[in-house]
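Database features (TrEMBL):
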type	residues	note
ACT_SITE	Asp174	active site, proton acceptor
BINDING	Glu34, His35, Thr36, Asp37, Tyr223	substrate binding site
BINDING	Gly124, Ala125, Gly126, Leu127, Ser128, Ser129, Ser130	ATP binding site
BINDING	Ser130, Glu162	Mg(2+) binding site
DOMAIN	11-57	domain 'Galactokinase N-terminal'
DOMAIN	94-181	domain 'GHMP kinase N-terminal'
DOMAIN	278-347	domain 'GHMP kinase C-terminal'
SITE	Arg28	site 'Transition state stabilizer'
Amino acid sequence: MTQQEQVTRGFEAAFGHQPDFIVRAPGRVNLIGEHTDYNDGFVLPCAIQYATLVAVSARADDKVVVSALDYDGQRDEFVLTETIEPQENKLWANYVRGVVTELQKRGHQLKGCNLAITGNVPQGAGLSSSAALEVGIGYAFDQLCQLNIAKADIALIGQAAENNFVGCACGIMDQLISACGREQMAIGIDCRTLGLTEVSIPAGMTIMMINSNVKRGLVDSEYNTRRAQCEQAAAHFGVSHLRDVTVAVFEMKKDQLDPVVAKRAEHVVYENKRTVDAMKAFNKGDIAKISQLMAASHASMRDLFEITTKEIDYLVELIDGVLQDKGGVRMTGGGFGGCVVALVPETMVDEITKLIEDNYQADTGLKETIYISGPMAGVDTLALEMA
Ligand code: GAF
């Protein structure tokens, strides 16, 4: 059964009629530029084929009724004209409630609706299943209520929901690429201006994502700590964000910083530069340069930002050992587990898959999951299939 059939059938089972329309919002993989977004810096993600689907129908009243198909059809229900409270025992529901709250804060007039949700973006894998859900819900209301919100603003609403309702002080990268991804293109994002630049994937290269399946714990609190350390460093340099600290200024003044804060800032300052350099290298098809930049990015996440795990480092070393300068590999996403991203020649996909299958579980006790996806388009509605 396709994902679209699944969400349609699930919707019909939950509500007894067909949906009016279906929204599809993708997850993402970040090629380089980690923990730079909330420092007003640069990132280079692309949307992927794994996505969250939201089936929608209008209701005659002010209720929003949600069926979570991936959680045994668990339901959430709230009224648009009453205060919308976070749910302690149903965390998935807070993404919907958060987005609705942020839409209403901005004065949008919303209508009651039935929603059924399903997704195949692996959760906790660093591939942005939460952002896909937030953007999917934002776009669903945009379409239902004809709000005409720009896709970048839907991303900002999703981010605000996560910051204010879910409690993770995330940046804008994940929601923005889920909203504004382009088929076959990675997108260089300037997280200060939200300017988007299409960046091509070198011919003959494939994007592999290898999930370490490390169970991520305390992610939000570690993430928020990193963000606070970056803000502390920015204050030391007298700027609003680390984006404004050049490598030269950093080197001159880093010694006056607390040593841990200095390490965090060093990662961000150099990662920003690497990301800008990577955009050029991708467009030129300079694989050796991409390889070097991705390796440096990983080392910096491991040694300076300290967000990798031993299993993630193992995967990177294993893949790097055969890839050498024919491709690049690094951890992707917020860290503390999740996925490694590898840009590999099509001709090496089987060899690398076998290498991982032969070694990862034997050496770490965890079983990997491998995903492959070219860059995909951002959020949209799907044409309804006739029953
Ligand atoms: C998570 C966050 F949601 C993003 O905003 C970004 O900071 C990323 O971690 C790290 O680059 O995905």
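Backbone N, Cα and C define each Cβ position, glycine as well.
Curation does not apply to TrEMBL; its annotations are automatic.
Residues His35, Asp37, taken from the recorded positions Arg28, His35, Asp37, Ser129, are distinguished by a CB atom under 6 angstroms from ligand 1. The DSSP breakdown of the domain 'Galactokinase N-terminal' (11-57) into helical (H, G, I), extended (E, B) and coil residues amounts to 8 helix, 28 strand, 11 coil.
Close to Arg28 (site 'Transition state stabilizer') in the fold, though at least 6 residues off in sequence, lie Pro45, Cys46, Ala47, Ile48, Leu127, Ser128, Ala131, Ala132, Met173, Asp174, Ile177, Ser178, Gly181, each with a CB less than 8 Å from its CB. Gly126 (ATP binding site) is 15 Å away from Asp37 (substrate binding site) when you measure Cα to Cα. Counting in whole angstrom, Thr36 (substrate binding site) lies 15 from Gly126 (ATP binding site) by their C-alpha atoms. Apart from Gly124, Ala125, Gly126, Leu127, Ser128, Ser129, Ser130, the residues listed for ATP, the same chain places the Cβ atoms of Gly27, Val121, Pro122, Gln123, Gly333, Gly338 within 8 Å of the centroid of those Cβ atoms. Across the structure, Ala125 (ATP binding site) and Glu34 (substrate binding site) are spaced 15 Å apart at their Cα atoms.
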